[in-house]
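Single-structure report; data block below.
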Amino acid sequence: MLDQPIGVIDSGVGGLTVAKEIMRQLPKEKIIYVGDTKRCPYGPRKEEEVLQYTWEMAHYLLRHHHIKMLVIACNTATAIALDEIKATLDIPVIGVIQPGARTAIKVTNNQQIGVIGTANTIKSEAYKEALLSLKAGLAVQSLACPLLVPFVESGTFLDQTADEVVKDSLEPMKETGIDTLILGCTHYPILKESIQRFMGSDVSIISSGDETAREASTILSYKGLLNTSQEAPVHTFYTTGQQQNFENIARDWFGYLPGKVETVSLEHVYQQ
């Protein structure tokens with residue numbers, strides 16, 4: 001059980017930002033990653049579709065890779081599917097919304113927090129509810145940014161157009177008075193430098209990867225599931241879309257290719 005992998009799932013490449021942090025904090029753990037790039041983005045999809053797709057990824061990892069923990073490294077999937085999956089599976093399941101909310105509350109000075117995310121994440125008000133459940137009286141400004149996920153998935157964030165897309169998307173958030181901005185989508189940290197430039201140095205930018213990895217570490221330790229092997233872990237990354245594009249983005253984000261990349265088909269893997 002100890003040497004079984006951690007499963008990380010996302011609608012595409014965004015969850016790589018979380019996987020990278022888990023690999024940094026838990027260097028002995030093996031990661032099996034599934035990015036549903038073929039059906040990305042999840043943000044504008046119907047809730048029942050997001051639930052179905054998230055279950056397909058989870059079921060694939062359980063059946064074929066016998067994971068010991070599932071990390072839903074997608075804010076949209078966390079908002080829609082976390083509670084059901086967590087209540088159903090007998091392994092630890094964590095999402096990215098609560099960790100991000102906790103971090104933002106630690107950082108803010110003026111108690112004004114902004115949240116950017118996909119249409120579904122913002123519509124769910126999952127971040128607002130998480131923030132206010134942890135600390136009453138916060139002022140929470142939310143903004144859907146539907147252009148950012150397709151932009152990251154296309155790989156064109158590697159050129160100068162990133163600043164323009166960020167400006168067009170975040171303009172309404174600029175003058176709200178927030179001092180802390182939650183990147184409520186795991187794709188967004190890939191654009192963090194552009195977002196920081198646009199929002200200014202006086203706004204703290206929060207991504208949930210660090211806190212999510214810390215939560216994974218705490219839970220695995222508490223349950224006695226940390227890998228004690230001295231062998232270097234071998235990570236595997238699966239994409240439902242274009243393998244080469246996934247590899248290019250992964251290589252850019254990590255600075256190297258952190259494991260083998262393969263394609264996988266998830267349709268009809270799981271039927272509710």
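Each Cβ is built from the backbone N, Cα and C atoms, and glycine gets one as well.
Sequence-distant neighbours of Asp10 (substrate binding site) (same chain, 6+ apart, CB under 8 A from its CB) are Leu16, Val18, Tyr33, Val34, Gly35, Asp36, Ala73, Cys74, Ala77, Thr186. Feature annotation from Swiss-Prot assigns substrate binding site to Asp10, Ser11, Tyr42, Gly43, Asn75, Thr76, Thr186, His187.
Sequence annotations record features per position, and here Swiss-Prot assigns active site, proton donor/acceptor to Cys74 (among others) based on sequence analysis. For Cys74 (active site, proton donor/acceptor), the number of other Cβ atoms no farther than 10 Å from its own Cβ, over all displayed protein chains, is 36.
Residues or ranges marked as active site, proton donor/acceptor in Swiss-Prot: Cys185 (among others). For Cys185 (active site, proton donor/acceptor), the number of other Cβ atoms no farther than 10 Å from its own Cβ, over all displayed protein chains, is 32.
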Subject >> Max pairwise CA distance, angstrom, over record-listed substrate binders Asp10, Ser11, Tyr42, Gly43, Asn75, Thr76, Thr186, His187 >> reply: 12
**OP:** Going by Cα-Cα distance, pick out whichever of the binding-site residues Tyr42, Gly43, Asn75, Thr76 is nearest to Cys185 (active site, proton donor/acceptor).
**Re:** Asn75
**OP:** Taking the Cβ of Gly43 (substrate binding site) as the centre, count every other Cβ atom within 10 Å, in any protein chain shown.
**Re:** 25
Original post:
Taking the centroid of the Cβ atoms of Asp10, Ser11, Tyr42, Gly43, Asn75, Thr76, Thr186, His187 (substrate site), which other same-chain residues have Cβ within 8 Å of it?
Top reply: Gly12, Gly14, Gly15, Cys40, Pro41, Cys74, Ala77, Thr118, Thr121, Val149, Cys185
